[in-house]
Amino acid sequence: MERFLKLVVLVVGIVLGQAAFAVDYYWSLATQSLPGTSSIYGLHYSSPQAACSATEAAYSSPSWTATGSSLSFVSLTSYLCTLNLSASNGSTATPSVSISRGGSICSSGTTYNSSTGLCDVPPAPICTTGQSKDFLINSANGSLPTSLVSEGCVYNIVNDGENFFCQSSTTGTGFVCAVEAKGTGESNTGPVTDAPVAEVTEKPTIDITDQPCIYETAADGTQSCTSSKEVSNTGKYCGTVNGQQVCIGESTSKTDTVDTTISTSSNPNGSTTQTKTDVYTKEGCTGVSCTTSKTTTTKTTVTDSSGNVLSTSGQCSGSSCSTDSNSDQDGDGLEDCAVTDTCERNPVLMVSNAIFSCLVKVTLFLVRC
(Lines of atoms letter the chains of each structure in order from A and count residues from 1; the text may use other names and numbers.)
(Lines give C-alpha, C1' and ligand atoms only; values in the text may rest on other atoms or scores of the structure.)
Protein backbone atom coordinates (compact mmCIF):
# COMPACT_ATOMS: atom_id res chain seq x y z
CA MET A 1 0.00 0.00 0.00
CA GLU A 2 2.83 2.35 0.92
CA ARG A 3 4.55 1.67 -2.39
CA PHE A 4 1.29 2.38 -4.23
CA LEU A 5 0.89 5.75 -2.48
CA LYS A 6 4.47 6.67 -3.33
CA LEU A 7 3.80 5.79 -6.97
CA VAL A 8 0.68 7.99 -7.02
CA VAL A 9 2.60 10.88 -5.49
CA LEU A 10 5.39 10.41 -8.03
CA VAL A 11 2.99 10.40 -11.00
CA VAL A 12 1.10 13.45 -9.71
CA GLY A 13 4.40 15.23 -9.15
CA ILE A 14 5.54 14.50 -12.68
CA VAL A 15 2.25 15.74 -14.15
CA LEU A 16 2.24 18.90 -12.05
CA GLY A 17 5.88 19.48 -12.79
CA GLN A 18 5.29 19.25 -16.52
CA ALA A 19 2.37 21.66 -16.26
CA ALA A 20 4.35 24.07 -14.12
CA PHE A 21 7.30 24.11 -16.53
CA ALA A 22 5.29 24.22 -19.78
CA VAL A 23 6.96 26.72 -22.11
CA ASP A 24 5.43 28.46 -25.10
CA TYR A 25 6.89 27.43 -28.44
CA TYR A 26 9.83 29.56 -29.57
CA TRP A 27 12.29 29.54 -32.46
CA SER A 28 16.06 30.10 -32.35
CA LEU A 29 19.22 29.59 -34.40
CA ALA A 30 20.52 26.04 -34.28
CA THR A 31 24.12 27.23 -34.84
CA GLN A 32 26.11 30.46 -34.86
CA SER A 33 28.08 29.56 -37.99
CA LEU A 34 27.32 32.76 -39.92
CA PRO A 35 29.43 35.86 -39.16
CA GLY A 36 27.76 38.22 -36.68
CA THR A 37 25.07 35.78 -35.59
CA SER A 38 26.73 34.98 -32.27
CA SER A 39 24.98 38.07 -30.86
CA ILE A 40 21.55 36.53 -31.40
CA TYR A 41 22.43 32.88 -30.80
CA GLY A 42 20.31 31.54 -27.93
CA LEU A 43 17.65 34.25 -28.25
CA HIS A 44 14.02 33.15 -28.56
CA TYR A 45 11.76 34.36 -31.38
CA SER A 46 8.03 33.93 -31.82
CA SER A 47 8.31 32.51 -35.35
CA PRO A 48 10.88 31.14 -37.83
CA GLN A 49 10.41 34.28 -39.93
CA ALA A 50 11.25 36.53 -37.00
CA ALA A 51 14.39 34.49 -36.30
CA CYS A 52 15.40 34.59 -39.98
CA SER A 53 14.88 38.36 -40.21
CA ALA A 54 17.02 38.79 -37.08
CA THR A 55 19.72 36.64 -38.69
CA GLU A 56 19.75 38.86 -41.77
CA ALA A 57 20.00 42.00 -39.63
CA ALA A 58 22.79 40.55 -37.46
CA TYR A 59 24.91 39.24 -40.33
CA SER A 60 28.21 41.10 -40.48
CA SER A 61 31.13 40.57 -42.87
CA PRO A 62 33.77 42.92 -44.32
CA SER A 63 33.38 41.34 -47.75
CA TRP A 64 29.68 40.54 -47.98
CA THR A 65 26.42 42.41 -47.49
CA ALA A 66 23.09 40.73 -46.72
CA THR A 67 20.49 41.96 -49.23
CA GLY A 68 17.60 39.68 -48.29
CA SER A 69 16.55 36.36 -46.86
CA SER A 70 14.14 33.50 -47.50
CA LEU A 71 12.62 30.78 -45.35
CA SER A 72 11.91 27.17 -46.29
CA PHE A 73 10.13 24.38 -44.42
CA VAL A 74 12.21 21.38 -43.34
CA SER A 75 10.07 19.73 -40.65
CA LEU A 76 7.51 20.66 -38.00
CA THR A 77 10.38 21.62 -35.70
CA SER A 78 12.90 23.00 -38.19
CA TYR A 79 13.12 25.68 -40.90
CA LEU A 80 16.04 26.74 -43.11
CA CYS A 81 16.92 30.44 -43.29
CA THR A 82 18.85 31.36 -46.45
CA LEU A 83 20.59 34.73 -46.79
CA ASN A 84 21.16 36.52 -50.08
CA LEU A 85 24.68 37.99 -50.02
CA SER A 86 26.44 40.26 -52.48
CA ALA A 87 30.04 41.45 -52.72
CA SER A 88 31.47 44.67 -54.08
CA ASN A 89 32.92 42.81 -57.07
CA GLY A 90 29.45 41.56 -58.06
CA SER A 91 29.74 38.11 -56.57
CA THR A 92 26.74 36.54 -54.79
CA ALA A 93 26.32 33.81 -52.20
CA THR A 94 23.42 32.07 -50.42
CA PRO A 95 24.54 30.55 -47.11
CA SER A 96 21.93 28.96 -44.84
CA VAL A 97 21.38 28.37 -41.16
CA SER A 98 18.89 26.07 -39.41
CA ILE A 99 16.21 27.50 -37.15
CA SER A 100 14.84 25.07 -34.57
CA ARG A 101 11.72 25.05 -32.44
CA GLY A 102 11.79 24.77 -28.66
CA GLY A 103 9.08 24.83 -26.01
CA SER A 104 6.06 22.60 -25.53
CA ILE A 105 2.80 24.50 -26.18
CA CYS A 106 1.31 27.30 -28.25
CA SER A 107 0.87 30.59 -26.45
CA SER A 108 -2.59 31.67 -25.33
CA GLY A 109 -4.83 32.91 -28.14
CA THR A 110 -3.04 30.95 -30.87
CA THR A 111 -3.74 27.59 -32.48
CA TYR A 112 -1.21 24.91 -33.38
CA ASN A 113 -0.93 24.26 -37.12
CA SER A 114 -0.06 20.60 -37.65
CA SER A 115 1.01 21.30 -41.24
CA THR A 116 3.60 23.98 -40.49
CA GLY A 117 4.50 23.46 -36.84
CA LEU A 118 3.58 27.10 -36.23
CA CYS A 119 1.12 28.67 -33.81
CA ASP A 120 -1.39 30.56 -35.93
CA VAL A 121 -2.96 33.78 -34.71
CA PRO A 122 -6.66 33.93 -35.66
CA PRO A 123 -7.54 36.81 -37.97
CA ALA A 124 -9.04 39.86 -36.31
CA PRO A 125 -12.82 40.00 -36.74
CA ILE A 126 -14.23 42.58 -39.14
CA CYS A 127 -16.54 44.62 -36.91
CA THR A 128 -18.93 47.08 -38.54
CA THR A 129 -20.32 50.15 -36.81
CA GLY A 130 -24.12 50.29 -36.81
CA GLN A 131 -24.64 46.75 -38.04
CA SER A 132 -27.92 45.45 -36.59
CA LYS A 133 -28.19 41.93 -35.21
CA ASP A 134 -30.85 40.03 -33.27
CA PHE A 135 -29.97 38.12 -30.11
CA LEU A 136 -31.69 35.68 -27.78
CA ILE A 137 -30.46 36.15 -24.21
CA ASN A 138 -31.37 34.77 -20.81
CA SER A 139 -32.74 37.23 -18.29
CA ALA A 140 -33.73 36.59 -14.69
CA ASN A 141 -36.28 39.41 -14.57
CA GLY A 142 -36.46 40.92 -18.04
CA SER A 143 -33.55 43.33 -17.47
CA LEU A 144 -30.83 43.58 -20.10
CA PRO A 145 -27.04 43.97 -20.15
CA THR A 146 -25.65 47.02 -21.92
CA SER A 147 -23.64 45.11 -24.51
CA LEU A 148 -23.01 41.71 -26.03
CA VAL A 149 -20.14 40.11 -27.91
CA SER A 150 -20.75 37.98 -30.98
CA GLU A 151 -18.01 36.48 -33.15
CA GLY A 152 -15.47 38.81 -31.60
CA CYS A 153 -17.48 42.01 -32.20
CA VAL A 154 -19.10 44.25 -29.58
CA TYR A 155 -22.79 45.11 -29.91
CA ASN A 156 -24.74 47.63 -27.82
CA ILE A 157 -28.31 46.62 -27.08
CA VAL A 158 -30.91 48.98 -28.53
CA ASN A 159 -32.89 50.07 -25.47
CA ASP A 160 -34.38 53.44 -26.32
CA GLY A 161 -37.78 52.92 -24.73
CA GLU A 162 -39.13 50.69 -27.50
CA ASN A 163 -40.43 47.27 -26.54
CA PHE A 164 -38.35 44.13 -26.64
CA PHE A 165 -39.98 40.74 -26.47
CA CYS A 166 -39.52 38.06 -23.81
CA GLN A 167 -41.06 34.67 -23.21
CA SER A 168 -40.84 32.35 -20.23
CA SER A 169 -37.64 30.31 -20.22
CA THR A 170 -37.89 26.60 -20.99
CA THR A 171 -35.93 26.00 -17.78
CA GLY A 172 -38.88 27.33 -15.80
CA THR A 173 -37.06 30.33 -14.34
CA GLY A 174 -36.60 33.77 -15.82
CA PHE A 175 -37.15 34.81 -19.40
CA VAL A 176 -35.63 34.41 -22.83
CA CYS A 177 -35.63 37.82 -24.51
CA ALA A 178 -35.34 38.65 -28.19
CA VAL A 179 -33.44 41.92 -28.48
CA GLU A 180 -31.86 44.02 -31.21
CA ALA A 181 -28.28 45.24 -30.89
CA LYS A 182 -26.08 47.43 -33.08
CA GLY A 183 -22.36 47.00 -33.69
CA THR A 184 -19.94 49.49 -32.15
CA GLY A 185 -17.12 48.68 -34.57
CA GLU A 186 -14.99 47.42 -31.66
CA SER A 187 -13.57 43.93 -31.42
CA ASN A 188 -13.34 41.85 -28.24
CA THR A 189 -11.71 38.44 -28.24
CA GLY A 190 -11.44 38.16 -24.46
CA PRO A 191 -13.98 36.81 -21.96
CA VAL A 192 -17.28 38.68 -21.78
CA THR A 193 -18.73 39.07 -18.32
CA ASP A 194 -21.89 41.02 -19.16
CA ALA A 195 -23.24 38.83 -21.96
CA PRO A 196 -25.60 36.01 -20.90
CA VAL A 197 -25.33 32.80 -22.89
CA ALA A 198 -28.09 32.48 -25.47
CA GLU A 199 -30.53 29.68 -24.75
CA VAL A 200 -31.35 27.39 -27.65
CA THR A 201 -35.02 28.09 -28.22
CA GLU A 202 -37.34 29.30 -30.91
CA LYS A 203 -37.28 33.06 -31.24
CA PRO A 204 -40.44 34.67 -29.79
CA THR A 205 -42.70 35.86 -32.59
CA ILE A 206 -46.17 37.24 -33.14
CA ASP A 207 -48.26 35.01 -35.40
CA ILE A 208 -50.82 36.41 -37.84
CA THR A 209 -53.40 34.22 -39.58
CA ASP A 210 -55.38 35.94 -42.33
CA GLN A 211 -58.40 34.38 -44.09
CA PRO A 212 -59.67 36.52 -46.99
CA CYS A 213 -63.28 36.94 -48.06
CA ILE A 214 -64.18 34.56 -50.92
CA TYR A 215 -67.79 35.03 -52.00
CA GLU A 216 -70.14 32.13 -52.64
CA THR A 217 -73.39 32.67 -54.57
CA ALA A 218 -76.62 30.95 -53.56
CA ALA A 219 -79.42 29.91 -55.92
CA ASP A 220 -81.35 33.15 -55.25
CA GLY A 221 -78.30 35.27 -56.12
CA THR A 222 -77.33 36.11 -52.54
CA GLN A 223 -73.58 36.35 -52.00
CA SER A 224 -71.88 35.52 -48.70
CA CYS A 225 -68.39 35.01 -47.27
CA THR A 226 -66.48 34.86 -44.00
CA SER A 227 -63.14 36.59 -43.48
CA SER A 228 -60.98 36.64 -40.36
CA LYS A 229 -57.66 37.79 -38.96
CA GLU A 230 -55.99 36.37 -35.85
CA VAL A 231 -53.00 37.93 -34.09
CA SER A 232 -51.46 35.89 -31.26
CA ASN A 233 -48.30 35.61 -29.18
CA THR A 234 -47.10 33.27 -26.44
CA GLY A 235 -44.84 35.56 -24.44
CA LYS A 236 -44.54 38.74 -22.44
CA TYR A 237 -43.84 42.30 -23.51
CA CYS A 238 -41.07 44.17 -21.73
CA GLY A 239 -40.09 47.80 -21.64
CA THR A 240 -38.90 50.71 -19.53
CA VAL A 241 -41.33 52.39 -17.12
CA ASN A 242 -40.02 55.07 -14.76
CA GLY A 243 -36.49 53.92 -15.51
CA GLN A 244 -37.20 50.29 -14.60
CA GLN A 245 -37.25 47.28 -16.92
CA VAL A 246 -40.53 45.40 -16.49
CA CYS A 247 -42.28 42.54 -18.27
CA ILE A 248 -46.06 42.16 -18.35
CA GLY A 249 -48.82 40.16 -19.91
CA GLU A 250 -49.73 36.57 -20.54
CA SER A 251 -50.21 34.75 -23.83
CA THR A 252 -52.66 36.84 -25.85
CA SER A 253 -54.72 36.46 -29.00
CA LYS A 254 -57.06 38.73 -30.92
CA THR A 255 -59.43 37.43 -33.59
CA ASP A 256 -61.63 39.55 -35.86
CA THR A 257 -64.23 37.69 -37.94
CA VAL A 258 -66.52 39.29 -40.53
CA ASP A 259 -69.58 37.46 -41.91
CA THR A 260 -70.77 39.30 -45.02
CA THR A 261 -74.04 38.85 -46.92
CA ILE A 262 -75.06 40.77 -50.07
CA SER A 263 -78.58 40.49 -51.44
CA THR A 264 -80.00 42.25 -54.52
CA SER A 265 -83.66 42.87 -55.46
CA SER A 266 -85.36 44.59 -58.41
CA ASN A 267 -87.92 47.36 -57.87
CA PRO A 268 -91.07 48.04 -60.01
CA ASN A 269 -89.61 51.35 -61.26
CA GLY A 270 -86.59 49.58 -62.77
CA SER A 271 -84.20 50.47 -59.98
CA THR A 272 -82.16 47.93 -58.00
CA THR A 273 -81.70 47.70 -54.23
CA GLN A 274 -78.54 46.10 -52.86
CA THR A 275 -78.28 45.34 -49.14
CA LYS A 276 -74.91 44.49 -47.63
CA THR A 277 -74.84 43.15 -44.06
CA ASP A 278 -71.59 42.69 -42.14
CA VAL A 279 -71.49 41.00 -38.76
CA TYR A 280 -68.18 41.76 -37.01
CA THR A 281 -67.17 39.43 -34.17
CA LYS A 282 -64.19 40.45 -32.03
CA GLU A 283 -62.62 38.04 -29.57
CA GLY A 284 -59.70 38.95 -27.32
CA CYS A 285 -57.99 36.52 -24.96
CA THR A 286 -55.41 37.03 -22.23
CA GLY A 287 -54.31 33.72 -20.79
CA VAL A 288 -57.53 31.71 -20.45
CA SER A 289 -59.77 34.78 -20.03
CA CYS A 290 -61.59 35.82 -23.22
CA THR A 291 -64.11 38.51 -24.15
CA THR A 292 -66.33 38.62 -27.24
CA SER A 293 -68.27 41.48 -28.83
CA LYS A 294 -70.41 41.76 -31.97
CA THR A 295 -71.24 44.66 -34.24
CA THR A 296 -73.68 44.53 -37.16
CA THR A 297 -73.73 47.05 -40.01
CA THR A 298 -76.23 47.22 -42.83
CA LYS A 299 -75.66 49.37 -45.91
CA THR A 300 -78.46 49.78 -48.47
CA THR A 301 -77.75 51.22 -51.91
CA VAL A 302 -80.39 51.99 -54.58
CA THR A 303 -79.24 52.41 -58.20
CA ASP A 304 -81.13 53.16 -61.44
CA SER A 305 -81.05 51.02 -64.56
CA SER A 306 -77.85 52.76 -65.68
CA GLY A 307 -76.06 52.01 -62.41
CA ASN A 308 -76.25 55.53 -61.03
CA VAL A 309 -76.63 55.69 -57.24
CA LEU A 310 -80.01 57.11 -56.25
CA SER A 311 -79.70 56.74 -52.47
CA THR A 312 -77.52 55.23 -49.77
CA SER A 313 -78.38 54.51 -46.14
CA GLY A 314 -76.72 52.62 -43.33
CA GLN A 315 -77.34 51.27 -39.87
CA CYS A 316 -74.97 50.05 -37.16
CA SER A 317 -75.53 48.34 -33.85
CA GLY A 318 -72.90 47.10 -31.43
CA SER A 319 -69.81 48.20 -29.50
CA SER A 320 -67.68 49.17 -32.50
CA CYS A 321 -70.12 51.56 -34.13
CA SER A 322 -68.72 54.97 -34.98
CA THR A 323 -69.85 57.95 -32.89
CA ASP A 324 -68.61 60.63 -35.31
CA SER A 325 -67.82 61.01 -38.99
CA ASN A 326 -64.08 61.49 -38.41
CA SER A 327 -63.64 57.86 -37.35
CA ASP A 328 -65.87 56.55 -40.16
CA GLN A 329 -64.26 57.80 -43.35
CA ASP A 330 -65.71 54.99 -45.50
CA GLY A 331 -69.27 55.69 -44.35
CA ASP A 332 -70.23 52.15 -43.39
CA GLY A 333 -71.18 53.11 -39.85
CA LEU A 334 -68.27 51.14 -38.37
CA GLU A 335 -65.27 52.75 -36.71
CA ASP A 336 -62.51 52.36 -39.32
CA CYS A 337 -59.89 50.92 -36.94
CA ALA A 338 -62.31 48.54 -35.25
CA VAL A 339 -61.24 45.76 -37.61
CA THR A 340 -57.56 45.22 -38.41
CA ASP A 341 -58.01 44.78 -42.17
CA THR A 342 -59.65 48.24 -42.45
CA CYS A 343 -57.01 50.02 -40.39
CA GLU A 344 -53.85 51.35 -42.03
CA ARG A 345 -51.72 50.75 -38.95
CA ASN A 346 -49.62 47.61 -38.64
CA PRO A 347 -51.69 45.06 -36.65
CA VAL A 348 -48.58 43.66 -34.96
CA LEU A 349 -47.64 47.09 -33.68
CA MET A 350 -51.24 47.73 -32.65
CA VAL A 351 -51.19 44.66 -30.38
CA SER A 352 -47.78 45.32 -28.83
CA ASN A 353 -48.37 49.06 -28.40
CA ALA A 354 -51.78 48.46 -26.87
CA ILE A 355 -50.35 46.07 -24.28
CA PHE A 356 -47.45 48.35 -23.42
CA SER A 357 -49.74 51.41 -23.33
CA CYS A 358 -51.82 49.62 -20.73
CA LEU A 359 -48.71 49.09 -18.63
CA VAL A 360 -47.76 52.76 -18.73
CA LYS A 361 -51.29 53.83 -17.83
CA VAL A 362 -51.53 51.17 -15.08
CA THR A 363 -54.65 49.74 -16.70
CA LEU A 364 -53.43 46.22 -17.34
CA PHE A 365 -56.78 44.54 -16.89
CA LEU A 366 -59.03 46.67 -19.09
CA VAL A 367 -61.05 44.60 -21.55
CA ARG A 368 -59.76 46.61 -24.49
CA CYS A 369 -56.23 45.34 -23.85
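Keep in mind that glycine also has a Cβ here, set from the backbone N, Cα and C atoms.
Per TrEMBL, these features apply:
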REGION    257-276  region 'Disordered'
COMPBIAS  257-266  compositional bias 'Low complexity'
COMPBIAS  267-276  compositional bias 'Polar residues'
REGION    301-331  region 'Disordered'
COMPBIAS  311-326  compositional bias 'Low complexity'
Counting only residues 6 or more past its boundaries, what in the same chain has a CB within less than 8 Å of a CB in the compositional bias 'Low complexity' (257-266)?
213, 215, 220-228, 272-283, 339
Residue distribution over DSSP helix, strand and coil in the compositional bias 'Polar residues' (267-276):
0 helix, 5 strand, 5 coil
Using DSSP, how many residues of the compositional bias 'Low complexity' (257-266) fall into helix, strand and coil, respectively?
0 helix, 10 strand, 0 coil
